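S.K.: Pasting the feature list from TrEMBL:
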type: DOMAIN; residues: 41-289; note: domain 'G-protein coupled receptors family 1 profile'
type: TRANSMEM; residues: 25-48; note: transmembrane segment
type: TRANSMEM; residues: 60-79; note: transmembrane segment
type: TRANSMEM; residues: 91-116; note: transmembrane segment
type: TRANSMEM; residues: 205-225; note: transmembrane segment
type: TRANSMEM; residues: 237-260; note: transmembrane segment
type: TRANSMEM; residues: 272-291; note: transmembrane segment
Amino acid sequence: MSEINCTQVTEFSLMGFTEELVTQVTLFLMFLLIYLFTILGNLGMIALIRASPQLHSPMYYFLGNLAFVDLCSSTVITPKMLVDFMSEKKGIAYAGCVAQVFIFDLFGMTECFLLATMAYDRYMAICHPLVYPLVMSPKYCFQLVTGSYLVGLTNGVGQTIGMSNLSFCGSRVIDLFFCDISPLISLSTSNTTLSRIILRTSASLFGLSSSLVVLVSYVAIISAILNIRSAEGTRKAFSTCASHLTTVSIFYGTCLFMYLKPSSDSSREDKWAAVLYTVVTPMLNPLIYSLRNKEVKEALRRLTKPK
């Protein structure tokens, strides 16, 4: 079909998971509970960090920002998905789709760099404890977090520009539960060269660089931990980064599966992998850091202790 005669798309259809009513109701209730836990967990983590003086340290400053990012990224996806479970017509306006791509890619890449920043923070704390207070100053921590948001903003703007150059003259059905740039590129009938270049450049430049920081940091951390002769010292050092390593493994594992696999290998498993990093991970992060972190549990105990 000639691109000149292409009618500008005004709405996309989201395939979701299933058409069976009972399954849709079950999934609605499950994702509603997950979203409620996500809201309460991340807001609670932010409030706890702000209210507890013993948590006013670089690690928890980064964790508070991670909770905020998880809250935002989940909110841009889950409420629309919940509405679609109860709707016969699972549509999303073109403008809404553009907004989802921009906001999700903004906060998704911001989370990548926040996780990398937290890995660097643990590296400095464990491998260079004497200079840690000097290096991880409040000013430097603010700059690291600001840089993470700026990289995320750059990624969001870039992906949005890539989407704005796409035309959709054929199918308008997105085989996913939200608007993501990868299926939109596959759906487009126009030249997708620019969009693919932006996507691959962003994944290579930003995604691989942040994951490389995480990898190098933890290689150095593990090496330092293995050189600690005291069993108690080894346990304490590992406990300070175990929560972060768990979060990193879940987030990067599902993202790598989604974005590094061949584009032709689309399957039902892709949707559940996307659920992990868009819906489940934002809920798990505050649980992981609260259940595995003694300082967080102690701060919560002090705040809830009757005076």
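Even glycines carry a Cβ here, placed using N, Cα and C.
Unlike curated records, TrEMBL annotations are generated automatically.
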S.K.: Which one of these stretches, 25-48, 60-79, 91-116, 205-225, has the most C-beta pairs shorter than 8 Å to the transmembrane segment (272-291)?
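M.R.: Result: 25-48.
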S.K.: Excluding the flanking five residues on each side, which residues at least 6 beyond the ends of the transmembrane segment (25-48) place their CB within less than 8 Å of a CB in that stretch?
M.R.: 17-18, 55, 63-64, 67-68, 70-71, 74, 78-79, 81-82, 85-86, 279-280, 282-283, 285-287, 289-290, 296, 299-300, 303
S.K.: Please average pLDDT over the domain 'G-protein coupled receptors family 1 profile' (41-289) for the predicted structure.
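M.R.: In the predicted model, the domain 'G-protein coupled receptors family 1 profile' (41-289) has a mean pLDDT of 83.
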